[in-house]
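I have placed the structure first, in the form of structure tokens, so that the comments after it can refer back to it.
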Amino acid sequence: MTQPISSALVLFSGGQDSATCLAWALDRFDRVETIGFDYGQRHAIELACRPKVRAAIRQMSPVWAEKLGEDHMIDAGVLKSLGATAMTHEVEISMTAAGLPNTFVPGRNLLFFTLAGALAVRRGIGVLVGGMCETDYSGYPDCRADTLKAQEQTLRLGLDADIRIDAPLMYLDKAATWQLAQELGGDALVALIGEETHTCYLGERGARHDWGYGCGTCPACELRSNGWQRWQDGKAAAP
């Protein structure tokens, strides 16, 4: 089955990376839809950010507003029932015996892409876009390029469809991700990401920093804030 490559389905959580990927997709495809997943995460703040980001992006550009289509919310609560992680249960963030942070939810991205692929086939969409990245901190195995290549092949075979997975942030660090947002949508998109997206593992929205809201000390906040500072330092040093 041939799927059109002029359309994309963005895995959109409401965080910095997926918001940047949404802008990236709107810059490249004729029709863009979004898909989000409620998997029983400890803090639903990201999910609450999703409609705000979509609405703000519509206001930023009439061209993007015309391209941005339907949003789909999927119940993936089965992930929480499989076992405790720091993303789904009230446990402290730590390293596991396997050498991975316990913020890793086993199988999460594999399930997300499977569900997104099934929806894309029904919607006549040929490209799935995800904000996975193997450059920064986590080392999550389901964020690696090899994993996504294998997942793409599995979807193509299992769905008999010419589906492609694009991961525009795969080899970018957080500083480069901020720069990409600037290139795609200028100061307006950078400001939108800072104000409306959410990354903090602890769900903190009370403290506003230059880079956005968060506790400032969890691994996700440190990654985002350090990336912001490196980006700012790079701009200041530029001739």
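A Cβ is built for glycine as well, from the same backbone N, Cα and C atoms used for every other residue.
Feature annotations, reproduced from Swiss-Prot:
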type: BINDING; residues: PHE12, SER13, GLY14, GLY15, GLN16, ASP17, SER18, ALA19, THR20, CYS21, LEU22; note: ATP binding site
type: BINDING; residues: CYS200, CYS215, CYS218, CYS221; note: Zn(2+) binding site
Checklist entry - Around the Zn(2+) site recorded as CYS200, CYS215, CYS218, CYS221, what other same-chain residues have a C-beta within 8 angstroms of the site's C-beta center? => result THR199, TYR201, LEU202, GLU204, GLY214, GLY216, THR217, PRO219, ALA220, GLU222
Next on the checklist: Roughly how many Å lie between the Cα atoms of CYS200 (Zn(2+) binding site) and GLN16 (ATP binding site), rounded to a whole value?
Outcome noted: 10
Checklist entry - Taking the centroid of the Cβ atoms of PHE12, SER13, GLY14, GLY15, GLN16, ASP17, SER18, ALA19, THR20, CYS21, LEU22 (ATP site), which other same-chain residues have Cβ within 8 Å of it? => result VAL10, VAL53, GLY131, THR197
Checklist outcome for this item: By Cα geometry, the one of the binding-site residues (PHE12, GLY14, SER18, THR20, LEU22) nearest CYS215 (Zn(2+) binding site) is GLY14
Next on the checklist: Tell me the Cα distance separating LEU22 (ATP binding site) from CYS221 (Zn(2+) binding site), rounded to the nearest angstrom.
Outcome noted: 21
Next on the checklist: For the binding-site residues listed here (LEU22, CYS200, CYS215, CYS218, CYS221), tell me which residue's CB has the most neighbouring CB atoms inside 10 Å.
Outcome noted: LEU22
Next on the checklist: If I take the Cα of CYS218 (Zn(2+) binding site) as reference, which of the binding-site residues GLY14, GLN16, SER18, LEU22 has the closest Cα?
Outcome noted: GLN16
Checklist entry - Which number gives the other C-beta atoms within 10 angstroms of the C-beta of PHE12 (ATP binding site), all protein chains shown included? => result 29
Checklist entry - By a simple count, how many Cβ atoms lie within 10 Å of the Cβ of GLY14 (ATP binding site), its own Cβ left out? => result 23
Item to check | Cβ-Cβ distance under 8 Å to THR20 (ATP binding site), same chain, at least six residues away | outcome: GLY131, PRO168, LEU169, THR177, LEU180, ALA181, LEU184, ILE193
Checklist entry - Taking the Cβ of SER18 (ATP binding site) as reference, which residues of that chain separated by at least 6 in sequence fall under 8 Å from it? => result VAL10, LEU11, PHE12, GLY130, GLY131
Checklist outcome for this item: For GLN16 (ATP binding site), the same-chain residues 6+ apart in sequence with C-beta under 8 angstroms from its C-beta are THR177, ILE193, THR197, THR199, GLY212, ARG224
